[in-house]
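Marked as domain 'Major facilitator superfamily (MFS) profile' by TrEMBL: 1-428. Here TrEMBL flags 12-32, 44-66, 72-94, 161-184, 199-222, 229-248, 335-361, 373-394, 406-424 as transmembrane segment.
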């Protein structure tokens, strides 16, 4: 991409990058979970999430450093190839997943790697659990040779795992996180921050908070459990999105008026063509009237009446030359700092729970024999949802306003909270093979802070409970 001579070659490069990132997003947490002791598995997968978000923060800093370098974007893209090359070399030194080796009949190699992870007693337990899982796979393969979606949905453990795993991946995107990450400079401008450079610098704070939230997840994931962390995270996300919706509503409702006197300060051909009558116009109406309109704030106070002008570089410079601020996305507002506070709260709540837990759950919830295909389905669902949300965000803010857009994300977050309460099991500290047994023998339940009676009694009520609460 760095050496692309035309847009077609750049797009081809983007396709390859997309394939690589898509495969890594599924296989990295899966590999970590299969090669980790159960008691720290969540923390290690969370560490993967932290290194991703920390890398995003570093990439913001690196890109900022290259903004004034010759061939800016070529450097930004080219430098990213260096850590990828280093990681490729280091990957050659890593052992294969012990569970994958056992499944492929390479028991001695699997045992050697497991001895490096577990105590001698635990190694035997892990091998026995692996043997049971592989024997069950062999039995199922005798009845049917091909794995297809219909077969997956017929299998209770896989069906329940897919509902929980795919659902979490979809909701991770539809609560709006990547609109905040991709468009944080735009959102900050919508909150009334006029300077592009200031908006970019503030977006660094957004990326930094995201990385900090991943550190919080590393500490709490194996202490509080996956489900509890999800619930706390979503409750905070709902509150934050409601707060953001209210802030943007107030900012829009109280935007500065458009003054005929202020507009006439500039040449007649500078006036926005859509602007006719000063009676009921304000900054919000000026910007929504046409994409070619901009708002030039009052030089005395940005909250006083300003001018509605044509949006281009010449008029923008004319506005700045009179010590005025120029707005094209959002309007001057006294509530801008509250929007920044809302964004910070949103990321601090999202990152430790909904940011990392969906990947952790998807790396451990599926039976061994179906883990690859189910993980691929969940990762695909995540990236498709990402595409839908990212492509629709700016259109939604233009059509219904930023306030209503965040309110929609808030309503989806409430639905996500109900989904987690009903459909997602707790997997903290359990061997991967034991999670399959839990999905097999009982219905999913809402009471995440207590053990069920059949768990306390060693499963004596399993038969009686079979079929209850099926999802």
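Glycine is no exception: its Cβ is also placed from the backbone N, Cα and C atoms.
The structure displayed is predicted, hence computed values, not measured ones.
The transmembrane segment (373-394) shares more Cβ pairs under 8 Å with 12-32 than with any other stretch in the list 12-32, 72-94, 229-248, 335-361, 406-424. For the transmembrane segment (161-184), the neighbouring stretch richest in Cβ pairs under 8 Å, chosen from 44-66, 72-94, 229-248, 406-424, is 406-424. Within the chain carrying the transmembrane segment (229-248), a Cβ under 8 angstroms from the stretch's Cβ atoms is held by residues 168, 175-176, 190-191, 217, 220-221, 335, 338-339, 342-343, 345-346, 348-350, 352-355, 357, 401-404, 406-407, 409-410, 413-414, 416-417, 420-421, 424, 448, all 6 or more beyond its ends.
A Cβ distance under 8 Å defines the sequence-distant neighbours of the transmembrane segment (72-94), meaning residues of its chain 6+ beyond its ends; these are 1-3, 13, 20, 55, 59, 62-63, 66. Contacts between the transmembrane segment (44-66) and the transmembrane segment (406-424): absent, as fewer than 3 C-beta pairs lie under 8 angstroms at sequence separation of six or more. Listed by sequence, the residues of this chain that lie at least six past the ends of the transmembrane segment (335-361) yet keep a Cβ under 8 A from its Cβ atoms are 25, 29, 33, 41-42, 45-46, 48-50, 53, 164-165, 168-169, 171-172, 175, 177, 180, 184, 187-188, 190-193, 202, 205-206, 209-214, 216-217, 220-221, 226, 229-237, 239-241, 243-244, 247-248, 250-251, 254, 382, 416, 424, 427. For the transmembrane segment (406-424), the residues of the chain that approach it from at least six positions outside its boundaries are 160, 163-164, 167-168, 171, 174-176, 179, 226-227, 230-231, 234-235, 237-238, 241-242, 244-245, 248, 354, 361, 396, 444, 446, 448, 471, judged by C-beta separation under 8 angstroms.
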